[in-house]
Every structure is written in C-alpha cells, then in structure tokens.
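Written out below as structure tokens is the structure these notes cover.
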C-alpha cells in the first residue's frame, strides 16, 4: 500500500526559454528606474486624484470609463502604503515623501512588460514560426510609445494587456478544442477568455471592441461546429452552452463585480456627489445622508419639501423662488406677467422649500395621522418663504417662447386668474395607488388647466434672474426625460400654521436618526447610466490630435519637463515600426483580397491549413487593429495619440506574420529568401537604432541640448534615418 513511497516523486515541466528571456527583458525595459521622474507626469494628475479618493474611501465620478482600471492603480497605492494625502493640482509637481511612486506605477509597468511574452505566444498559437513570434515580441519590446505609456500611472498598458490576454486565451482554447474538449485546460482557457474580455471593458469602454472581435471569431467557429456531422446534437448543444456561459454570462458577472467592489470601497460622501440622484447621495456616509437621515418617508399634505431636478445638467439644481418678479418688458420687447420668478437654483437655500397643500383646505401643516399624497392627486405647491403658489399660464417663458412661463402667483387685481393646480405623476411607481415617497419617488407635475409639465429648460437667466436656470411649462409629451422629473430631497412635516414661526422652522436643520440604503443594482444602474450619458469635456487640448494624425505619427505629446534641466519625456512612437506596421496591414489586405478572388476561381495558392491560419491571423490582428482604430473617427471627444496604442499593438503582431508569409510563399528561390532575410535584418536594425535614438525622450533620464531635441522632432525623423542609411 505504501509502495509509492519507495519511488521518488518526479515533476517534469516544459519551459520555453524564449518566453523566459522575453519576460526578463520586458521587465527590465519597463521597471528600470520606474520611480523616475519623481513628479506628476501628464495624466497622472488626472488619475492620481482618484487614487487618493480610493485611499480615503470617498465617492467620485469619472465618466471616462468603468472603475476597474482605477482600482488597479489604487491597488498599487494600497500595496505601497499610500495614505491618499497629496494635492494632484498640476503636471510637474514634485511628489512628497508619502507618495510611493514606484508602487503606484508598478501594475501598469507589469502589464506592459508581460505584453512582450504574450505577443510571442499569440503569434506562436496562430501557427507561425518561433522566429516570427520572437520578432513580434521584440517589436513590442522596443516600441518607444508603448514603453513610455507603461512606465507611468496610466491605463493604456493594462488595457493592451487584457486585450492580448483575451486573444491569447481564446487561441489556446481553440487549439485545445482539437485535442481535449471539455478538459480542465479547455475550460480554463475558455473561462479566462471571458474574464479577460470583462477586464478590458472594465478598464475602458473601448475594450468592448476587442471583446466584440473575440465574440465574432468565436461565433464563426461555433457556426462551423454546428455543421460538424461527427458531433451529436447533445454534444453540439453542450459546446454552445459552454461558450455562452463563458463568453456572455461570466463577463457580465465580472463586470458587475468591479462595480460592486468600487461602490463597497467608496462609501463616503465626496465632491462629486451632486451629479448623482438624491437617493444615491443619501446612501453615502456623510454629506446628504446627514441631512436626510430620519426624514419621513411618505410625503403628506402639509409636508415641507425641496424638489431636485433629476436631469442635473448643466448643474444639479432645486426648484426655487424669491421675492423678485419677472421684468414687465424683456430686452426683445416681449411682455411678461410680472409675476414672482420661479427658477432652478444650483445651491442649497432656504428659498428652495415648498409646502405641499391640499387645494380643498387652507391649512399648511400635517394632520395627525398624516394624510399621504398619492399618484394622480391634485396638489398646490406653496413657496415656503413667500407663501405664494406655483403657477403657470398662457404667457411665453422668458428665454423659451415656445413654452409657458412658470411663476408664483401675485394677485394684481387684473384679469389673470391663478392657475395653480398640479396633478402628481409618479414616474417610477409600481401601482396606480402608490404613495409619493421622499428621495425614492421620481415625479412629474402636470398643470391641470393647460396640461403643461413642469420642466427645467436649463437656460441661464439674465442678470434680472440672478443667472439662475429657467423653469418652464412644456406641453406634456410621451416618453421620459430627466428635465421633467423631480424628486424630494429634504423633507419634514410642517408643524406651524403661522408664517413667522414657519420661516424659523424652514431655517432650522432637519432631524437625523436613521439612514436609508439603496440596493447595489439600483446604485449600479444609476452610476452606469450616468457614465454613459454625461458628456465629457470636448474642449481642444494643446496635444489633441485626430485619427488621421496617428497612422504616420504626425503628432506627439510632451509628457514632462524637468524644471531645471532640459530632460523631458515625450510620447514618441518608433517611426520605423509604425510605418512598417501600416504598410504590413495594407499588404495583408491586398494579398487577402487577391487570394480570395483566386480561390473563387478555384485556384488555391495556399494549402488549406495555411489559408485558415492566414485568415485567422488577419481576423485577430488586422481585425484587432481595425476595431480599435476606426471607431475613433465617429467619436465626439478630445483624442490623443495614446488612444491609438491598442490598435498599434495588434498591427505590430501582424507585421512578422506578413514578413514570414512573404518569405515562405512569395519568395520563389533560396536566393530571394536570403535577400529578403537580409532586408528584414537591416530593417530591424534600423528600428532598434531609432528606438535607441529616442531613448532619452522615452525615459527622460538625460538632458538634451536644443539641437538634440530638434533632431528628434517627428518630421525630421525620416531625414535623419535616410542620411544615416
């Protein structure tokens, strides 16, 4: 029984020394002097503040993308013991001693370093030679822009890493499909593909393009699988279900997990709260939660409320009124009702309080027991400080003449009767008898006389309106829009019928006892919707560029300048690699079309296995370049050169594939192959030379004279190269 103890335990392993060596040099190129410069470099000023928020567990909002990339950067800060105390206010600011610069830049650097051996493995899994695979890895290794971007506290290197991991995992899964379907390794690579895709999307939304590419290739393979007559129907169904779970369900769950951790960590109120709804704000510690804790849940007749607009653009604001009236005559000659102004005010103010009144009674206090307001009820809204009623009528609004003016009614004893009845419409109700609830209910106010709906137009009023935002009565239309939706943020039951006592009550703070929690899915849905709909700043930047500028490097970005010497860091691509990769993509496209037409004519220049390998390489590499590049032409946002790096990475993978194909299939004789090989060696040497020439601007560790700096400008690079060779 113990016979196995009489024999030694032997473990054998296959170690690819190419992968080991490439990993080592990749780590060296990305980790060498990683903490230099010890100053804020370009977008580190942008991401650093979010890392500080993570360290202090303060909620923040970044509409540029999901939170996984930010969490990776924050993990580096956590591992380095960063306390979050640093003022990220300008590029070039020296880091204080409490900032672990090396640790903060570590994870992006590791992602960039591991992309080198991953490039090798992708080309190898595609079925090409070790020489081509090593070539792809070396090109990734020496490409200057990829080095620069991965050595800083930025997200592109992590995005590239997970893009490549998704492609590599799928290739390994696809290759294991031929030998051991449903084996542990088969499941591992399939599930890892889904996880890597979710991670890519979780870093930046543009990661979805690579995800869709992988799904497209997987769909084609699944279609061929369905036509495989050697498989039973049950077997085919199992294959399809496995792919659906791994490539659709698991990525969704992982994506939700990122937000779950994000919201779990960021539990405290912060400076970005105002962009979120009142319910979301109330779920955070401090801030609005301290104000809204213990408020009555159900709005009743006599309740004192503040009404926040759900749209929140251009800024969050509350329904507001004050003693001032609309001008009798506007600047354009139009007349007004000269009634009391009603606006939307973007700050907390005592004039934001309104009293919900029953039109059939005079009292402005809550009965005992309270009589709740329900969906469909007709109410009057009384301004707390002036006791005038919210009104709208057939008078053009000040800045929106197609809409009705909204005012608080003043009786001038003229033929303009009050029209101050509003029907309550609870948009998110679950039944037709739902009660109006604090924070939770989203409501619209429909004017009884004219069927107009209370709406924030968002236009800033002139000086007579104190630059506050215009509120109008818009004819009721179908569909949901946040500008017509309001929610009760602060709420209390009114106790005093006398105006002076009520004014003192309105000035006093609300009570604080208990808090209300929002479910994770409700918070996730709101945060995700805000990320997708809030427009980012589209203003021009000094270093912004267009997609057409990227292909031939007609742009660059100055990342950092030493305050005393001329040492500096630029985002500079290796012009030899960029131009060659673009040329290789064009050559691939032309050859693919040529072969396709020839095959249509029943002329097969390539054996079937070579053709399938060639087509798959194009689908993943050329396709990876296209899906990560072409969509930028349709994006209305400020673009920079670094947006091209994920597309460039796929293009670089295609380059040695095309070179090997030309050598093996288009060079007819040994002499032609030798000459072509010599040209490839000379070309690679020139790429290495350019990489070394640009090294001072890649690492920023050497001072440059004005003449040296001028020589490295992009438009002079080709001239320098031509003169040397």
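The backbone N, Cα and C atoms fix where each Cβ goes, and this holds for glycine too.
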Would you please say which range out of 537-557, 642-662 has the annotation transmembrane segment in TrEMBL? 642-662
Transmembrane segment range according to TrEMBL, out of 89-108, 209-228, 269-288: 209-228
Of 503-526, 575-598, which range does TrEMBL call transmembrane segment? 575-598
Could you name the stretch, out of 127-147, 153-173, 185-203, 610-630, with the greatest number of CB pairs under 8 A to the transmembrane segment (674-694)? 127-147
When only pairs 6 or more apart in sequence are counted, do the transmembrane segment (153-173) and the transmembrane segment (575-598) reach 3 or more Cβ pairs under 8 Å? no
Going by DSSP, how much of the domain 'MIR' (431-491) is helix, how much is strand and how much is coil, in residues? 6 helix, 29 strand, 26 coil
Would you mind listing the long-range same-chain contacts of the transmembrane segment (240-261), meaning Cβ under 8 Å and 6+ residues beyond its ends? 66-68, 71, 182, 187, 190-191, 193-195, 197-199, 201-202, 211, 214-215, 218, 222, 225-226, 520, 524, 527-528
Against which stretches of its own chain does the transmembrane segment (127-147) lie, if we need a Cβ under 8 Å and a gap of at least six residues from its ends? 18, 22, 25-26, 29-30, 112, 115-117, 119-121, 157, 160, 571-574, 577, 609, 613, 617, 641-642, 645, 648-649, 652-653, 655-657, 659-660, 684, 687-688, 691, 694-695, 697-699
Which residues of the chain, 6 or more past the ends of the transmembrane segment (58-79), have a CB below 8 A from one of its CBs? 47, 49-51, 100, 103-108, 153, 155, 158-159, 199, 201-205, 255, 258-259, 261-262, 265-273, 275-276, 284, 527, 530-531, 534-536
Between 185-203, 575-598, 610-630, who has the most Cβ pairs under 8 Å to the transmembrane segment (209-228)? 610-630
